[in-house]
Every structure is written in C-alpha cells, then in structure tokens.
Amino acid sequence: MAAPENGILEVLENLLDRYKINLLQMMFGTFIATIVFFGGLMTFVEKYLPNSIRQSFRYGKHSFKGETDPLVAWLEVPKSWFKHFYVFALFWSWLAFYVLVSTVREQKEAPEYVLRFLDIMGGGRSHRKVEIDSTTACVGALMLTLQCTRRFYETNFVQIFSKKSKINLSHYAVGYVHYFGAIIALLSNTSGFVRGSKPMEFSLDKLTGQQILYLGVFFLAWQQQYASNMILVNLRKDPRTGNVKTEKHLLPKGGLFNLLSSPHMFLEVVMYFCIADLYMPVKIWRLIFLWVASNQTINALLTHKWYRETFKEYPKNRRAIIPFLL
C-alpha cells in the first residue's frame, strides 16, 4: 500500500510545485474575500438580504431574531463548541513549538516529513525560501502558543456559554482551519524548515528592540484580553456565591469596556499585529492579519449595533473596536 500512496503524494507535490499553488495563501485569501463581501452586505444592506444569509452570519448576542431557515438551523451547532477548536489549537501550537525548539536546539534541518508537509501547504519545494530567522520564529511561536493556551483554559474552564446560543457549522469549521493554517505559517518560511537551510542559534542577546517591544505589547494585550473576558464572565455570576445566575447578555462596565464595546476583539487584532509585523516578509502572515482584523472588526460592529439597540442607556462615548475612532 505504501507505493501507491507515495505515488499519489508525489503527483500532488509536483502539481503544487509546478503551478506555484500555495494552499495557505488560498485559504486565508478566501477567508478575507468572504468576510469582506458578506460583512459589507451585513453592514450596509442587511435588511435586504435573505434570512438564510443573515441567520448564517449572525451568532451569539447579535444572532438573527427573525423567521429562521430550516436548512440553516439544521447546520447550527452550540456556540459552546468553540471550546473544541481551542483543544485542537492547544495541541497543534505546542507540537509546532516543540518541533521548532527541538530543531533550533539540535542545530539541524527539520525532519523530512515536516519539510514535505510544509512543501505541500506552503507553495511547493521549489518556491519556499527562508524569510524568517530562528529567533523571530521562536518569539512568534511563543506568542501564538501562549494565546492558544490561554484561550483553551478560558473556553473550557472559565467562560459561561448560553445553552441557547448557536453558531453556523461554517464558523465552527473556520476555527479549526484558522489555527491549523496560522500555526503552520509560523514554520513555512523559517530557517531550518526550508530545504537546504539550517536553524540559527537562539540567544536572548539576539533579541532586537522591535522583538522586545512587541513581546511587551503582546503580553499587555494578552493580559487585558483575559481581564476583559473575565468582566463578561462575572456578569453571569452571583458576586457572593460565584454561581451562575443568568445566561443573558448584560451591559459590561469597567476596564477597556469603558472605551469599547468589544475590547477583547481589539486586543486580538493587536496581538496578531505583533506577530504579523515580526513576520512581515512572509506574505501569508500579512493575509492572516488582514483576515483577523476584518473578521474581528465586522463582529465588533455587529456587537456595537446590538448593544446600542438593546440598552437605551448605552454610553455614547464607546466605540466598537478602535478607541476614540471606530
């Protein structure tokens, strides 16, 4: 059985290499086009759209409240299933971080199966080139791994999901694909993970001013996102007993919620900017940042609209996602 499987794999590798097909770029490019197109429709002409589209796009506090489409309803799953792809992200990010650190520590090229996998996902063996050094890769991988780890903890042990809240199956699938692709992109153009290259030695002395700055900004955003999420969690708890008292969406106050309707989404964009700017030479990371920024912005605008429609006393000075601006 091994020979036919290897033959099929080789044909696939040759096709991807010959036509310069970068599966990672295709995935995130498709995500960006989809969110911008449908997000624009939802923002400007939502009332003219079929209920099926509105129902598919909206979820959580701003879920669709009109007549539902039976097929779309059938494709919905509990919002609490968000925790599933953070289990996957935890495993996948730590695996990538382990392989990266092991490769840098041993000062040798990544194993052949890793190189082959990256060739398939990253544009073919002839077209992948080193654009990121080992120190930058370690910094970026550390950032994303810590984010995946904290989000795993929050969604599985802290966050209180409404039992009635649903998401479309497409949102659920996109979560897996996002983390699958973003974590692969940490390695696809890194020294030691491109054929014919070896990793560089890692040393704290090699950290640049930019890397130190972005580490500081990342950790601040990382901590503040946790604090913002805890404000949302505590809205549903009895302050005296700590027990869940409601699953309703209430008006958040305090912290960055005094400035923004969705500070956790703003901070997500900040954290991804820190990684993406360090990875600026890598085109796929520019696409990942654009995808995250557009997705978080559209969701923040819908959330902001819901807050203003639901709470008559909603503070007028709050913006959706960018302090004082948007």
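One-based numbering along the chain as shown.
Glycine is treated like the rest: Cβ placed from N, Cα and C.
TrEMBL: automatically predicted annotations, no manual curation.
What TrEMBL records for 23-45 (among others) is transmembrane segment.
If you look up TrEMBL, you'll see 81-101 (among others) marked as transmembrane segment. Listed by sequence, the residues of this chain that lie at least six past the ends of the transmembrane segment (81-101) yet keep a Cβ under 8 A from its Cβ atoms are 110, 114, 137-138, 141-142, 144-145, 148-149, 151-152, 155-156, 159, 161, 167, 172, 175-176, 179-180, 183-184, 186-187, 190, 193.
Annotation source TrEMBL lists transmembrane segment at 173-192 (among others). Tertiary neighbourhood of the transmembrane segment (173-192): same-chain residues 24, 27-28, 31, 82, 85, 88-89, 92-93, 96, 99-100, 103-104, 108-110, 114, 117-118, 121-123, 128-134, 137, 140-141, 144, 148, 198-200, 279, 281-282, 284-285, 288, 291, selected by CB-CB distance under 8 Å and a gap of 6+ residues from either end.
Residues or ranges marked as domain '3-oxo-5-alpha-steroid 4-dehydrogenase C-terminal' by TrEMBL: 209-326. Counted with DSSP, the domain '3-oxo-5-alpha-steroid 4-dehydrogenase C-terminal' (209-326) comes out as 74 helix, 4 strand, 40 coil.
When Cβ-Cβ distances below 8 Å are used as the criterion, the transmembrane segment (212-235) is approached by residues 139, 143, 146-147, 150, 154, 158-160, 246, 250, 252-257, 263-264, 267-268, 270-271, 274-275, 277-278 of the same chain, each at least six residues removed from its ends. Look at TrEMBL and you will find 212-235 (among others) tagged as transmembrane segment.
Positions annotated as transmembrane segment by TrEMBL: 256-278 (among others).
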